[in-house]
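So that you can see what the record holds, here are the features copied from Swiss-Prot:
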type	residues	note
REGION	1-116	region 'Disordered'
COMPBIAS	43-65	compositional bias 'Low complexity'
COMPBIAS	66-87	compositional bias 'Acidic residues'
COMPBIAS	88-99	compositional bias 'Basic and acidic residues'
MOD_RES	Thr106	phosphothreonine
MOD_RES	Ser126	phosphoserine
MOD_RES	Ser127	phosphoserine
REGION	265-427	region 'Sufficient for nucleolar localization'
REPEAT	532-576	repeat 'WD 3'
REPEAT	577-615	repeat 'WD 4'
REPEAT	716-746	repeat 'WD 7'
Amino acid sequence: MAGSRGAGRTAAPSVRPEKRRSEPELEPEPEPEPPLLCTSPLSHSTGSDSGVSDSEESVFSGLEDSGSDSSEDDDEGDEEGEDGALDDEGHSGIKKTTEEQVQASTPCPRTEMASARIGDEYAEDSSDEEDIRNTVGNVPLEWYDDFPHVGYDLDGRRIYKPLRTRDELDQFLDKMDDPDYWRTVQDPMTGRDLRLTDEQVALVRRLQSGQFGDVGFNPYEPAVDFFSGDVMIHPVTNRPADKRSFIPSLVEKEKVSRMVHAIKMGWIQPRRPRDPTPSFYDLWAQEDPNAVLGRHKMHVPAPKLALPGHAESYNPPPEYLLSEEERLAWEQQEPGERKLSFLPRKFPSLRAVPAYGRFIQERFERCLDLYLCPRQRKMRVNVDPEDLIPKLPRPRDLQPFPTCQALVYRGHSDLVRCLSVSPGGQWLVSGSDDGSLRLWEVATARCVRTVPVGGVVKSVAWNPSPAVCLVAAAVEDSVLLLNPALGDRLVAGSTDQLLSAFVPPEEPPLQPARWLEASEEERQVGLRLRICHGKPVTQVTWHGRGDYLAVVLATQGHTQVLIHQLSRRRSQSPFRRSHGQVQRVAFHPARPFLLVASQRSVRLYHLLRQELTKKLMPNCKWVSSLAVHPAGDNVICGSYDSKLVWFDLDLSTKPYRMLRHHKKALRAVAFHPRYPLFASGSDDGSVIVCHGMVYNDLLQNPLLVPVKVLKGHVLTRDLGVLDVIFHPTQPWVFSSGADGTVRLFT
């Protein structure tokens, strides 16, 4: 018996641990009578038959006693079997051979059943089912995006990608022609199409429906608890404790030593005992109980009752007493629709007034209103009025601009309606209702020449070209072109040569205006041409190049605006129909645009394309004046309802800013050709100069700042300043008024 035990200990390491541990679980329940074939090894293990070796006894004892003494054999095998295996390797090899011979010669039903249940250990291995046509391994296929192949096969050859990728048309044709298109997928490892089998399709459908992939799997099998609810006297496992469990741990020793050192150094303090009494946070600890504001901070007083009126008097006036018809109508109304909740009555004296019948009802409704209706505290926003004013720069930082009156040009006997300055800024021309044009020297206020025109001068404009000395004046139904012969004589002579070089065509075309040469007497005064329209002319303005001029006529229809060409002496009407009464026109300084201001709108026309580009809405009752910024992207309009409107053509067709600084109607507006200034003249006798900076950055809005109010004109016939114009080079402004004077502010 001892020999068999020793042999069993020696042979224990040669047996696979997995199989020995799994045999008690896979072994069926013990039967009352074991088979006869399994009893022969037991007799050999007792030593009755001397023909059986010790190795055979150890093998059979290990197979048979695995259910009872498995733990003891394992422990003993762990301690003693290692030395035996190291000392005598040949002996263990003989024991393995003997064990195989004994198992083959003496089959045991228990052993056969266990081996049949264990089976092949690779039966559950699914690695053989993997597709190994592409042998690149478990690497990302994105590594092969820049290569013509996707991997390598078993022979090491490259697996090339398809020559042409399928587009949507190929997919559509496959969907229509291939009956197995719906069960075809693309293999990412090889790039080829795979057709799913019926079993794979059924598996996909089961997974999509939320079922298990295995058909024979039952997720609702009855569960068998390994541990029963009955208390047993024997433990589940009787394995003795390890030897290392009786030896103190060195790691714990180091931890304890560190904790002891921390306690000595005072780094670890014992926990303070908690106070078992509950602590509550005092909400009103910071409140002063004696402060009236603290106690009544959130108090909202109840709304007061309305005071009684005359209808509630015991002796009301007769007009408050209802007639019989009014009383019947009051009784037929709903209680909520009645203006009065009672009928006014009249009593001879106060002591004759009976008790009020609705007193209790009204007190009850008052109590309901007090405790059911929520009260709301309206927070008043205290806004400083200074914060509402936009932060603008100081006017002294925006200089230069005109600040005071420098000169007064006197000579006209009636109101001066229009002004114009020569391109060089040396001469000034003014038109008046006294029927004369006066030419002034700007620096000295001396009247150089007076030209009688025989009518009211509505508008005057100096040619902006420095190579031409020509003045256009609108007098009644004609436009007079005069050569003042001021300044350079060569320029004046070249102007006469330019006008006299015109050769009229043999067949003059039909035009809306007539071009007439001046007589000898008129030429001595300076008149060169006369353009007759047949209708009163209200405005004349030059194009920037000096060859075209636009005229506004006081008539109805599409001929309100005419454009004249000086070099060819031609006139034309640019519009086919009218859009209201035209007030002012202006040429764009840089583009072929014509701005036409009617009473309620400003239209921007493209002359080359002959189309409407934009329509500006000033939101004014009556537009009176118009001016275009020298850059051409901004427009200002004045109106008779004392508004000045600034338009940004790149921003919107609505006003960018509306200024209401004047108290009466605006008569004229003007931009300075060089400085960021614009001015407006009004019937209140003042000229307001504003700083208008336009930035090159389109994301930055223009800066508009009023800088100066200039006064000096005397109101005459309820008229003040009639025209305003800037000096072309200096920050000066000219103004003409109804008092018959022209004033220069510098």
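Each position is counted from 1, following the chain as shown.
Every residue, even glycine, has its Cβ placed from backbone N, Cα and C.
Sequence-distant neighbours of the repeat 'WD 3' (532-576) (same chain, 6+ residues past either end, Cβ-Cβ under 8 Å): 458-465, 467-468, 470, 472-479, 481, 498, 502, 504, 509, 511-516, 582-587, 589, 594, 596, 605, 607, 610. Only residues 6 or more beyond the boundaries of the repeat 'WD 4' (577-615), in the same chain, are considered here, and those with a CB under 8 A from a CB of the stretch are 539, 541-544, 548, 550, 552, 556-558, 560-561, 563, 621-632, 635, 637, 647, 649, 653. Residue counts of the repeat 'WD 7' (716-746) by helix, strand and coil are 0 helix, 18 strand, 13 coil (DSSP-based). Mean pLDDT for the repeat 'WD 7' (716-746) in the predicted structure: 91. Look at the repeat 'WD 3' (532-576): DSSP puts its residues at 3 helix, 21 strand, 21 coil.
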